[in-house]
Amino acid sequence: MISFKSLPMFSSIFLLISILFTSTNAATFIIRNNCPFTVWAGAVPGGGRQLGRGQTWSLNVPAGTKGARIWPRTNCNFDGAGRGSCQTGDCNGLLQCQGYGRPPNTLAEYALNQYQNLDFFDISLVDGFNVGMEFIPTSNGCTRGPRCTADIKGQCPNELRAPGGCNNPCTVFKTDRYCCNSGNCGPTDFSKFFKDRCPTAYSYPKDDPTSTFTCPGGTNYRVVFCP
């Protein structure tokens, strides 16, 4: 039995073990802006960061994190308190995002240490497109990830055009056919527009077979804007 005298030492050891375990299993995401213009990265979890051309931002994300995403914001203006707005990807007018961004915005989505201790990750165009992106694993011998570098903004169908980007049809029409609210939907002419240009990215919500990637838990990743 542990005496009261030994409790502080025991607590310290337990805390140290917990910290080591957490850091060992955390994933590091290096976010890089290769665009010839400034991008304001948004991340949940993580917040946000202004990235000039060639600048990077390193995020350490705890094991078990899910429902997470990283995205580019464009044409932003923020004051000294970190309040303002962005033309695309805006997150309630905050530099440090606390919630998801407003479409259209290209998304890097992930969930860490899930089924069979695998990470699941993807690039999604379900919230539309604003900046080209690649999402690549960089450790654990895992090398395969999605890319989306086509000129979707320039080739966007008239019905989906938006300032600074290209909307997904769900954002525009808000019908079950495009949004899959009932869970029963398939590809459409609009989703095929995205899929033809970015075959490894989600083009509509049920586009799983060709768009979901996995790596062993504990893998690190690189997200590049304008790769």
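Heads up, the Cβ atoms here are built off N, Cα and C, so glycines get one too.
Annotations in TrEMBL come from automatic prediction, not curation.
Here TrEMBL annotates a disulfide bond for Cys86; of Cys76, Cys91, the partner residue is Cys76. Here the Cβ of Cys97 (disulfide bond) has 25 other Cβ atoms within 10 Å, regardless of which shown protein chain they belong to. Taking the C-alpha positions, the distance from Cys180 (disulfide bond) to Cys86 (disulfide bond) comes to 28 Å. Comparing the Cα of Cys179 (disulfide bond) with the Cα of every entry in Cys35, Cys91, Cys97, Cys148, Cys156, these being the disulfide-bonded residues, the smallest distance points to Cys156.
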